[in-house]
Amino acid sequence: MNSSKSPGLAGFGVLKNTTCHTEKKISVFFSIIFMTVGILSNSLAIVILMKAYQRFRQKSKASFLLLASGLVVTDLFGHLINGAIAVFVYASDKDWIRFNQSNILCSVFGICMVFFGLCPLFLGSVMAVERCIGVTKPIFHSTKMTSRHVKMMLTMVCLFAVLIALLPILRFRAYQIQASRTWCFYKTEHVEDWEDRFYLLLFSCLGFLALAISFLCNAVTGITLLRVKFKSQQRQGRSHHFEMIIQLLAIMCVSCICWSPFLVTMARIGINEGRSKETCETILFALRMATWNQILDPWVYILLRKAVLRNLYKITSGCCGVHVINLHMWELSSIKNSLKVAAISESPVSSKQTNLQPLSSMGQ
């Protein structure tokens, strides 16, 4: 019978002829460390982002901070749920037959793996689109991108990720226990049915599409900011744009490095209809790389803040010596001169009064 018709026994066949083994003590240690570090990092990032959101609630940066908070909260729950299930599996000696007779735990584990894998990638691309609109179309962004619209976008992204995760369940296709017996995902061994291949390719294509959208929008945003810098030479209102684009570029680089091995591996399995022993080890390595994405994401907001970057600039200035300090002083003097010119140009009444004072004194 097809595994889709007997979901209670789905994935148990792989337990009899396991070709991929993991060291229990090392795997439990890594799972606990990853979960603990991820929870602490994301919790700290949430506190920082919420404080920043309270300060910039009525400004253009508020929408970006709201999306970033959604990303970090998603990473936090991903560590809590997936990490707790993984630790339970290791603590139960990976005996799925004993505690997963009805395949409920494996289905929940697979749904969470897909949802918490795709949702951060989707949110990263939405953040890149939001910043691209904010820089290239500031008037449209200020009038249309309200907090209510951003919350609607967050809800739509989460619902779309839930739909993708529930798609095998809705089609009566159970998630499969993988050969390492430590996690559940789409069927990745002896893939012969077109639908099983479709799920693997769909996951990979959506992940790569999210990364491509992030790259394109960040490139447009960066080029636009550089053009404004070299043409107008106006510094006012640009620092927070550069801070956000630096954070977005860091998120994009981290996502590409961490997720590309896993997405490529899933695409290869879907195309090649199966995997070997070497591919199983590759999947475990790629899965751990993808886990690091949820750990590194919050540190982007913790480290790449304006205050931290300013302190790093001061340290670099002290280490590099006179040239950087002179450049910094030149930038300060140029800012002061531009502010003086702007103040004079924006106050024509005062200039007229100063011109009339000598005439009135001559009349007297």
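Cβ coordinates come from backbone N, Cα and C, glycine included.
Residues or ranges marked as domain 'G-protein coupled receptors family 1 profile' by TrEMBL: 41-301. As annotated by TrEMBL, transmembrane segment applies to 26-50, 62-90, 102-129, 150-170, 198-226, 246-271.
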By a Cβ-Cβ criterion of under 8 Å, what residues six or more beyond either terminus of the transmembrane segment (198-226) are in contact with it?
114, 117-118, 121-122, 124-125, 127-129, 131-132, 135-136, 164, 167-168, 173, 186-188, 191, 238, 241-242, 245, 248-249, 251-252, 255-256, 259-260, 263-264, 266-267, 269-271
Can you work out which residues elsewhere in the same chain, 6+ from the ends of the transmembrane segment (102-129), have a Cβ less than 8 Å from its Cβ atoms?
7-11, 64, 67-68, 70-71, 74-75, 77-78, 81-82, 85, 96, 153-154, 157-158, 160-162, 164-166, 168-169, 174-177, 183-186, 203, 206-207, 209-211, 213-214, 216-218, 221, 248, 251-252, 255, 259, 262, 290, 293-294, 297
